[in-house]
Each structure stands twice: as structure tokens, then as C-alpha cells.
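Undergrad: One structure, as C-alpha cells, below. Some questions next.
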Amino acid sequence: MSRLGIMVLTLLLLVYMATSHQDAGEKQATQRDAINFRWKRSLTRRTATEECEESCEEEEKTCCGEXDGEPVCARFCLG
């Protein structure tokens, strides 16, 4: 094989390695973002649940969730 052929193959190999490394970085970043989103969402839910429980506790009722951002309090929760 000539020098030119070897240089072309080497260049193609380097380009392939560089692009596959970039793709792996994008995939890793996407997975990290998904994990962070789930973590933030669970913190928000926990805070909302605690607020609902505190609000209903004042009325001596049970927190059944939220509707339109407001806590739903009742003696017994159905469903």
C-alpha cells in the first residue's frame, strides 16, 4: 500500500474515533440530565406533600392530594 493510502486510512480512523467519542459524551449528558430532572421532580413532590399534610393537619383531616395547586383535605381519602 502506498503512503498516501496509509495516510488516508489513518485519517479516516482518527475521524471515526473523534466522532464516536463525541456521541458518547452526548449520550452521557442526556442520561445525566434525565437523572437530574427526576431528582428535582421528587424533591418538588416531597415538599408539596409536606405542605398538604401540614395544611390538613390544622383542620384535623387527612391530605388526599392536590387539585389546582390547592391541598385536598378530607376525613377519609377515596381512591
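The backbone N, Cα and C atoms fix where each Cβ goes, glycine too.
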Undergrad: Candidates are C64, C73. Which one does Swiss-Prot pair with C56 through a disulfide bond?
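TA: Candidates were C64, C73; Swiss-Prot matches C56 with C73.
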Undergrad: Quick one: of C52, C56, C73, L78, which of the recorded positions has the smallest count of other CB atoms within 10 A?
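TA: Counting other Cβ atoms within 10 Å of each of the recorded positions C52, C56, C73, L78, the minimum falls on L78.
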Undergrad: Between the disulfide-bonded residues C63, C64, C77, whose Cβ has more other Cβ atoms within 10 Å than any of the rest?
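TA: The most densely surrounded of these disulfide-bonded residues is C63.
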Undergrad: Measuring CA to CA, name the entry from the disulfide-bonded residues C52, C56, C63 that ends up nearest L78 (leucine amide).
TA: C63
Undergrad: Could you give the Cα-Cα distance between C56 (disulfide bond) and C64 (disulfide bond), in whole Å?
TA: 9
